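Peer 1: Handing you this structure, nothing more for now.
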């Protein structure tokens, strides 16, 4: 058995929060007695035991009021801790600790539980485990060996709940159910019942599902059989198709061979025609070339090639020289470019150097100006005139440096003087602050002590004030107590509880009648649910019928227009399949015709491509000839241009001859006029009248003579150019003839042929398009019909299923014949709701009356509690009057100490005031000193910084001036100017070289142009000989192709092709028929497979078997649940009967041995069957009540017994329950058991408790804990041999509870 050994309490209710206030109590065996006045903290010990074992707070407390109040403790956080040491049911030592914290936040407090700790001794070592509250509660229940309900309601029952056995019926039932642990089993029974109901509902659903699954299984089997039949037919059809294909394959191969040979014949014919056309073209081209050539070379090919190669070598040599001159020109150009770049770079450098020279002069002027200004500022002599030389500049820098050092020394001296004065002033300030701080600290400490003493004095005065009126208060309490007792007596007389109970009984009868009506309606609902299932199945079938009708309508609506347009009517499946077969035959015939037209179109397009290529070649040749003629002539009027050119050549030749003779004529005329004494005009023989006129004529002739060479040269150049152009035009004359033939004859002929063949191709294309359109139309119609075929098949299946559904609907309609369908489920449900509403109203009225009864009972109880509270306050005031003298002495002592502290604080404050004024004065003096120091130092420093800044600028300018001279920038500038002049001279020489090379290149180009004219003539001779050779090869190739074509037996091949094609067409027709049948079988197989893949047929047999297994196993499970439900219910009832008999026996014995009056023989607990339980619950539940037996009559004790009888009955019932249910835990705590008992019953209770202890003392772990304020009751218990010590609970001077261990022998002296 489990046993508690000791417990420590800290920070709970009135128990202090300091470690010194921790209270420890050790529990004795078999009896522990706790004595103390009201409010001392006795009940707190029971509350701590209950909390440490169950985790439940006292009634009306959520934890905040359970912990010591932070406002009373003058703390923000208050921690509470309870520790319990016990032995569990196995005798092992266990230590348990629970902690709490309460935090003051503004006006509200916040409560929180901390992690608990359980410590066990294992193998001689302590093992601690931190757990959460819920886990610790389970551990404690396991360790003590009793349930939480027994701990709360029996072992550690709170004083406020101690009378629960006589509480209201519903609350009493909950308590007893928890103690009996019946709640869990009742819940288990309810769960079993719900599971059984749900499973029964599932079985009904399974039956409906199985019915449909069976239909689906049979339908799936039928579809599977049809599928196998179609697959066999498909295999036979595939064999037939393969046989036809094996016959077609060699025919196709032979037809392909013949087709290739015929294509080859067509290709050979086209090639022969192309070669003949090419031969004619080549012959004409050769003839045109011979006519164009001025001279046809008569030598051998080797001689012609030798001359051509020699001529090419001469041209290449001249071109090489031209390239050399070009390279020389390129080198000269590159050199000129390089020199120009260097010239540009030198010009840029010259500009940059000139800019630096200008800056240098500006720096010198700026520096001298700054030196002159600063020298005047510093009053330095010798620096009035600029410019300054190097010596003057150095002398100036030295003088300025000395002046700077002098000014800086003066500024530092000022800074040091002020710093010394500042340090002295700071020391005075520190001394004053130390004195002031010491006095303030003294005042603060004494003020704090004064505040504490004031608080203590206030508390003492408050207690004295409370005690002032204690005597008067005792008299008032006596009067209030008498008044309250009279009021209690009047209330008990005025209560009309019996009338209210009678009204409740009448309403309960009405409730029972309504309950029977509701059960009757439930039975009617259950009966209607059976027919509802049949109705539901019939509704489902009707819905299925409507769905199938809608599907058939949709299919017809979707395809009616299309099929009517194709066939002229809406067909069935067989009619549609026949139409598809005929349509496939039309498509095959059209495709064969299309193939023939395509072959003819390909041949025509090949011929067109050949003619197009030939036309393109001729047009390109014509364009090339026109371009060459235009390049030479400048227009397309070749003959007119040639005639004009010949006239121009004759005119230019005459002009050249005239100019060539003019030189000799003018020379002779000038010689004659110069040498003769009397010259005359050489033309008219006129003598010149004067020398001046003669000289004018001579000058005019000399002037013309000087112009003759240039004009002669120009005329010769013009003549050569025109002759060259004439040669070029003569070379183009054969080309001109060829161009005319191309434009007038060959190109028009080819274009006419192209027009003819284009018309033929267009005709063939139209035919092909027509056949393709026809095929597309046939194919579209076929696809449309095929798309409809699946829906037509589906529609036929829907029609079959529709007939099956209509048959089932007729069967269900037969089943429902004779059933009254006027009263619907909704009507019955509505009537049930009305009855249920009335039932709820009656139940509400009953609860309202019970509440009134309870209110009256509570009013009586409140008055009784008021009587108890007044009695307790009276006892408390009596005990407090004994502390009055001690509080008066403490008042005098605190008053004296406070007067002394006030005097000392006043003296310290008087010393503090002059110190504060002196401290402020010193701080002001220090601040003024700092301001003067900062001002003086700033003025001196600004003067020094100004000089430094100006010297810095002068030094920077001097540095730049010196750097310019040191870098030699002036000499470098002169050097670059010299280099620029030299570069300009080299650039002029390079330009002269370029002019020379250019003249030589012009001469070489003229020679090359002359050589190329001769080269063209040789090239034409070579071209002519190559064309003749090519013409021979073309003729040989044409004869070869004619020979090859004659060996191919074209007529025999065409006859064989026609015969094989007819045979192939026959086989193809049979093949198409076989394929059509095969396609029909495949469509059927696909449709059957698709149906089998549908959700209702997929694995239909497996689903049926599985659902059947589930239903059978569920039915077996329902039977097992019924058996288990009945067995568990019977076991609960039997256990309940045994325990109630055992409890009532103990209650009777304890009552007879304890109660001293003769009005009640004994009491017992009666458990009556609950009349409100409906038949649908199928089990009994109990309502509990405590009755008292008077003679042969059993009366409810609740409302009929006195307060003392109520307390005694509740105590005895708790003792009986502890005896019955605490087999593993011998602990029982009684809080104020003598409340409301008279002296005789107190004595008998003490005797009964001693007897119980005596009977249980043989159990080592039996522990009875008694808490009381009645010391006479303790003395009665102490007369037994089981009590040697007891605990006295009281409050110390800090109003914190203390637990003091006392001997029983000291009790008598304390009482008396």
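The backbone N, Cα and C atoms fix where each Cβ goes, glycine too.
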Peer 1: When you get a sec, could you say which of 125-166, 587-628, 629-670, 1091-1132 is annotated coiled coil by Swiss-Prot?
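Peer 2: Here Swiss-Prot associates coiled coil with the stretch 587-628.
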Peer 1: So Swiss-Prot lists 38, 39, 41, 42, 43, 44, 67, 69, 159 for ATP; which of 13, 98, 196 goes with them?
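Peer 2: Between 13, 98, 196, Swiss-Prot records just one in the ATP site with 38, 39, 41, 42, 43, 44, 67, 69, 159, namely 13.
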Peer 1: Closest of the binding-site residues to residue 69 (ATP binding site), Cα to Cα, picking from 43, 159, 681?
Peer 2: 43
Peer 1: Determine, from DSSP, whether residue 43 (Mg(2+) binding site) sits in helix, strand or coil.
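Peer 2: Residue 43 (Mg(2+) binding site) sits in a helix per DSSP.
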Peer 1: Name the range, of those listed as 203-342, 415-558, 712-1070, that has the largest tally of Cβ pairs under 8 Å with the coiled coil (587-628).
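Peer 2: Going through each listed stretch, the top one turns out to be 712-1070.
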Peer 1: A 10 Å Cβ contact count, applied to the binding-site residues 13, 42: which residue has the minimum?
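Peer 2: Comparing Cβ neighbours within 10 Å for the binding-site residues 13, 42, 13 has the fewest.
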Peer 1: Count the other Cβ atoms sitting within 10 Å of the Cβ of residue 39 (ATP binding site), across every protein chain shown.
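Peer 2: Counting Cβ neighbours of residue 39 (ATP binding site) within 10 Å gives 18.
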Peer 1: Compare the Cα of residue 681 (Zn(2+) binding site) against each of the binding-site residues 13, 43, 44, 159 and report the nearest.
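Peer 2: Checked the binding-site residues 13, 43, 44, 159; minimum Cα distance to residue 681 (Zn(2+) binding site) goes to 13.
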Peer 1: When you measure from the Cβ of residue 159 (Mg(2+) binding site), how many other Cβ atoms are you left with inside 10 Å?
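Peer 2: So the Cβ neighbour count for residue 159 (Mg(2+) binding site) comes to 17.
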Peer 1: I need the CA-to-CA distance for residue 159 (Mg(2+) binding site) versus residue 44 (ATP binding site), whole Å please.
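Peer 2: For residue 159 (Mg(2+) binding site) versus residue 44 (ATP binding site), the Cα atoms are 10 Å apart.
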Peer 1: Cα-Cα separation of residue 13 (ATP binding site) and residue 43 (Mg(2+) binding site), in Å?
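Peer 2: Roughly 10 Å, rounded to the nearest whole number.
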Peer 1: Sort out the sequence-distant neighbours of residue 44 (ATP binding site) for me: same chain, 6+ apart, CB within less than 8 Å of its CB, listed by position.
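Peer 2: Same-chain residues close to residue 44 (ATP binding site) (Cβ under 8 Å, separated by 6 or more) are 9, 12, 13, 14, 15, 1297.
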